[in-house]
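Here is what Swiss-Prot records for this protein:
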BINDING   ASP78, ASP120, LYS121, GLU441  Mg(2+) binding site
BINDING   CYS119, CYS193  [2Fe-2S] cluster binding site
MOD_RES   LYS121  N6-carboxylysine
ACT_SITE  SER467  active site, proton acceptor
Amino acid sequence: MRSDMIKKGLERTPHRALLKATGIPQSQMERPFIGVATSFTDLIPGHVGMRDLERFIEKGIHSGGGYAQFFGIPGVCDGIAMGHKGMHYSLPTRELIADMVESVAEAHRLDGLVLLTNCDKITPGMLMAAARLNIPCIIVTAGPMMSGRGVEGRAYSFVTDTFEAMARYKAGVIDAKELQVCEDNACPGMGSCQGLFTANTMAILTETLGMSLPRCGTALAVSAMKRRIAFASGEKIVELVHNDVKPRDIMTRAAFENAIRVDLALGGSSNTVLHLLAIAREAGVDLPLETFDILAKETPQLASMNPAGKHFMEDLDIAGGVCGVLKQLGDKIIDTRTLFGLTTRQLAASIENVDQEVIRPLSAPVKKEGGIAVLFGSIAPKGAVVKQSGVSDKMMLFEGTARCFDSEELAMAALMEGVIKAGDVVVIRYEGPKGGPGMREMLAPTAALMGLGLGDSVALITDGRFSGGTRGPCIGHVSPEAAEGGPIALIQDGDRILLDIPNRKLDLLVDGATIEARRAQWTAPEPKIKTGWLARYAKVVTSAYTGAVTTAD
């Protein structure tokens, strides 16, 4: 075992002394040392329930014959970090998390890891660490929040009933009393936000990849099932250590294709593009951005999940969960290995009945193409991403007039002041991985568009990214970004822009000579942040089309 390097032999006498100082009995020294990387914090609703899960994981590890050792990992709530300086830090924490897990596991020669996670950047960071370390690992996602319920019985959810409600109030659609009801009911307790936002999409994809146990991706945070999964995961990691089953044995190219297909079938968050690219890179899997679009054209959307649809995570869990989606996708799923022991097709076959109102069959899809599309064109030579599952039919082909803003704050002010009108294309730039820095989510302006009733008449494009809660004609991840001199930096107010999602086009309708003249006049702006972690991050982060990862190159 790896841990023998710190606990066996004469020369390890000091190491054993230090281990015994933590309370480890001599009788436990022969057991596998299992690290539990816990991202518990009472700052985040998705993570406040983890103390209970930690206990069940620990019980499972000891039941399985291992010895549990806990260490902490930070977490950021994107909802709380939204709309201010804090959002600059969200995506960069993904890299920090991967680095921290790697550091602790290597420094202490842990035999295996249980990675307890839930929210947006924590789960991909944990998966990146697992792929990079390639020692036995299992993921436990803490589970989604229940939908809120008001006195009149209707369901409430975070994005629709907070960010969008704020804009509806500003527009006079609802009054202050109704807004307060929304605020009080949108988030009823612990768990990741209720819809198919980034956290829940990543939990589902983790299960699809084979890196968590069945139902882990959808079982609610408050459920007893989640605790049983935590216990079983603790037992399973000891088995994985003994059998030397490693993440790269599971996270193969075929497993990533399955994850993308499930993502597309459910209409998941566009952030998953960034994260899957980054995880695949750590796993040594070649996964070009174009893969998402190739698979989208042959994978129909089978579910209509909140925020664009009516179903919540609790509905998906009851309907059959990830195994139900695999079953409905049928032969489109490749038979791959999972940590659980059964293959993906065996897991699909284990589900007898699927609620076809929630997870439709291939013969009756919600839409004929998957939820995510990759666009190219003169604005995005290296690509841009849109969650087409959240775009109305009317806006799939749209030509509009550019209204340019060099930050999210400027765009948000224009929206709330009524400057943006039907027929406009809001361009938010210098918000990419380098230019932001940190590639902030544009949830506030996109929610404002919907709340103001502009979702069928105004498009938004950015080199930033979007929350999983975003819906509407919102195109992000535009590459190259403005800070690198990408074409998005050269757009001017009044330019005409063509958005053609069916033909995967995003074009600036300005002649080439004019564009080149503008390029000759363009100079890179001064960095927005010049000190601290973000200044270092901006120097080493790559473009969105490669996953916005940090490299030593």
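Placed from the backbone N, Cα and C atoms, the Cβ positions cover glycine too.
Where Swiss-Prot records a feature, it is marked here on the structure.
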residue : record                        : DSSP class
ASP78   : Mg(2+) binding site           : helix
CYS119  : [2Fe-2S] cluster binding site : coil
CYS193  : [2Fe-2S] cluster binding site : coil
GLU441  : Mg(2+) binding site           : strand
SER467  : active site, proton acceptor  : coil
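Surrounding the centroid of the Cβ atoms of ASP78, ASP120, LYS121, GLU441, where the record places Mg(2+), the chain contributes additional residues within 8 Å, namely VAL76, ALA81, MET87, SER90, LEU91, CYS119, THR198, ALA199, ASN271, SER467. With respect to Cβ neighbours within 10 Å, the binding-site residues ASP78, ASP120, GLU441 differ, and ASP78 shows the lowest count. ASP78 (Mg(2+) binding site) and SER467 (active site, proton acceptor) have their C-alpha atoms 8 Å apart, to the nearest angstrom. The Cβ of CYS119 has fewer other Cβ atoms within 10 Å than any other of the binding-site residues CYS119, CYS193.
Long-range Cβ contacts of LYS121 (Mg(2+) binding site) within its own chain (separation 6+, distance under 8 Å): GLY75, VAL76, ASP78, SER90, LEU91, THR93, ARG94, ILE97.
Nearest in space to GLU441 (Mg(2+) binding site), taking C-alpha to C-alpha distance over the recorded positions CYS119, CYS193, SER467, is SER467. Here the CA atom of ASP120 (Mg(2+) binding site) lies 10 Å from the CA atom of CYS193 ([2Fe-2S] cluster binding site). Geometry remark: SER467 (active site, proton acceptor) versus CYS119 ([2Fe-2S] cluster binding site), CA distance 12 Å.
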